[in-house]
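Written out below as structure tokens is the structure these notes cover.
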Amino acid sequence: MQNRRRSRPVVPTPMARVRHRHLLLLVAAVAAAASALLPCASAVRPFVLVLSRDDFLKDTAGAHPSLPSADADSDEWDDFDDESPATDPLLSPSSWVPLLDPASASPSGDEPDSPSDALFVAGVRAMLSAASAGDDAAFATAAAQIEAAATGGHPGAQSALAFLSGAGMTRPASRSRAFLLHKFAADAGDLQSKMALAYSFFRQEMYEEAVTLYAELAEAALTSSLISKEPPVIEPVRLHSGTEENKEALRKSRGEDDEDFQITEYQAQRGNTVAMHKLGLLYYYGLRGVRRDYGKAYHWFSKAVEKGDTRAMELLGEIYARGAGVERNYTEAYKWLTLAAKQQQYSAYNGLGYLYVKGYGVEKKNLTKAKEFFEIAAEHKEHGGYYNLGVLYLKGIGVKRDVMTACNFFLRAVNAGQPKAIYQVAKLFQKGVGLKRNLQMAAVMYKSVAERGPWSSLSRWALESYLKGDIGKALLLYSRMADLGYEVAQSNAAWILDRYGDESICMGESGFCTDMERHLRAHALWWQASEQGNEHAALLIGDAYYYGRGVGRDYERAAEAYMHAQSQSNAQAMFNLGYMHEHGHGLPLDLHLAKRYYDQAVEVDPAAKLPVMLALTSLWIRKNYDGSFLVHFIDSLPEVYPVVEEWVEDVLMDEGNATIFTLFACLVTVLYLRERQRRQAAAANPQQPDGAPI
């Protein structure tokens with residue numbers, strides 16, 4: 001029986017499958033932080049996608065019915081966005097961003113097209129305002145307006161109402177009603193509801209449905225990544241580090257108000273080339289809370305080029321090719337990319353290769369020269385070169401079609417964090433071209449790209465609200481993004497609920513959240529985040545079950561959550577599992593396993609040396625003096641500690657009592673020192689009678 005319980009963590013249970021799935025997601029999500037730009041000069045955080053031979057098909061050369069046509073003018077090459085969409089995808093009737101930014105146009109234009117449009121706009125604006133003010137009555141009124149708009153068939157209102165229904169805000173929580181409303185909105189073209197539905201299917205392992213939606217959303221994300229006024233958030237900021245506020249990350253996210261930014265700007269104005277280049281990157285990509293501004297980016301890159309900065313030459317070439325902040329001019333793009341390439345800026349070769357594929361800014365198309373330039377870029381580990389060589393071999397453009405070679409190039413680009421390559425590999429997994437059909441992996445990879453869509457800009461507004469002290473609005477926006485499947489938003493919303501539980505910011509079924517509603521909502525969010533690889537979330541879920549916080553005490557479910565965190569190399573979870581084995585709480589009483597977990601904890605985190613040493617001492621005492629008074633005393637400590645802690649907080653830490661205790665301690669110290677002085681003097685004069693003056 002004991003062995004059976006001990007082996008439980010490795011049994012392929014549904015939770016184990018979820019864990020495996022979301023560990024893959026965590027890996028792929030890191031790639032979403034990479035830039036989608038072709039000749040990208042910014043840093044990319046790589047990750048490793050490891051495939052075995054079994055993942056590849058044996059016959060991967062030649063024609064395939066699912067392969068795209070060999071066309072050099074295909075959309076696969078539109079890295080410089082030849083045609084801009086008629087409308088900014090952010091200004092769809094469903095977007096909240098224009099409602100957050102007073103400078104933006106109304107999502108429905110200057111005048112609402114219908115009464116439902118007017119109700120939706122007024123409702124969402126009132127809801128955001130009520131969340132900021134902590135006004136539950138106004139929030140309920142706003143929700144009623146949104147519901148009225150949803151009844152009128154407005155897809156954005158249906159999507160917002162689905163969010164409120166799923167969270168249990170101003171109405172009983174109902175996942176089935178939320179799903180139905182998201183379905184109505186998605187069928188009407190609402191992309192945010194499609195995100196929510198895709199995530200719902202993904203959690204239920206309904207990969208066929210998830211892949212269909214995520215593929216569409218990933219394509220939309222790639223299309224909009226460079227033409228939207230609000231760039232995708234490629235630096236999701238986690239508000240917390242463990243249980244504490246992540247002050248360093250927050251400090252670096254204050255945009256132009258950040259001290260580091262102001263220092264960089266000052267240095268750039270003083271002629272520092274490195275600072276000019278850095279400032280240009282911040283404006284070009286919209287990093288660290290800085291609003292994207294192509295005009296300022298062009299200004300600083302031009303200044304840097306005047307100082308001889310070769311990296312800025314390459315970026316100027318890209319700016320002219322894209323027409324970002326300037327009139328599109330492929331001749332100028334070719335000039336600057338050529339200058340950069342001569343200065344050994346190898347990613348510029350990738351841009352030149354693109355121009356030769358399309359025949360832009362050059363005499364004519366030249367696929368041979370394009371391939372040579374892509375190869376030079378790839379030889380120097382430029383991910384854009386890998387990607388474009390992959391497209392050449394996948395389609396047989398200027399080379400013999402070879403899917404295996406294409407897959408290898410795409411995988412190298414994926415491991416360098418290239419979003420388009422992630423999209424391509426996802427498509428190969430989806431269609432079973434070159435790689436065995438694997439819808440689970442396709443969903444994972446499509447999801448990581450889809451999360452770069454324009455809807456990700458909500459997290460920018462959530463972060464700005466938090467930094468301004470508008471916790472209510474931050475919670476609402478993070479909760480909205482959590483509904484769309486963003487892990488960072490899920491953990492941020494859960495952390496806010498835990499950290500600011502005493503404040504009136506959580507909207508419940510009727511008025512503000514009760515403590516139980518708040519605990520349950522935070523618990524659900526932590527659980528979703530833990531499914532997506534957040535080890536701290538899994539640890540907190542274990543604590544909730546172990547101590548009965550917001551849920552019924554359940555040692556076995558606590559152990560499952562700790563095992564989930566332990567599988568992600570969390571030292572605290574290892575320590576907790578050791579403690580549970582030592583005391584037989586939810587796990588078999590097994591001192592050998594307890595010691596093993598304690599040892600693992602200190603191996604993973606050397607800072608755990610002291611608590612592990614104390615735990616091992618307790619383990620030795622329990623093993624050698626089982627049933628003794630000392631063991632009973634050790635077992636009673638967890639019950640005594642909260643009482644002592646409460647006494648310290650309520651009595652000792654009270655301002656008045658603390659002053660009295662401090663004065664008393666000072667008095668005792670003075671009396672002690674005085675008595676010691678008297679005794680020392682008496683010892684120095686042994687003939688002096690007792691009581692004589694010193």
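Including glycine, each Cβ sits where the backbone N, Cα and C put it.
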Going by Swiss-Prot alone, which of N329, N657 is annotated as N-linked glycosylation site? N329
Considering every residue in the repeat 'Sel1-like 7' (537-568), what is the mean pLDDT value? 86
Same-chain Cβ contacts of the repeat 'Sel1-like 7' (537-568) under 8 Å, 6 or more residues past its ends? 8-9, 15, 19, 23, 490-491, 494, 498, 515-516, 518-520, 522-523, 526-527, 529-530, 574, 576-577, 580, 585-587, 597, 600
Around the Cβ of N366 (N-linked glycosylation site), other Cβ atoms found within 10 Å total 17
C-alpha spacing of N329 (N-linked glycosylation site) relative to N366 (N-linked glycosylation site), in angstrom: 19
Counting every protein chain present, what is the number of Cβ atoms, excluding its own, within 10 Å of the Cβ of N329 (N-linked glycosylation site)? 15
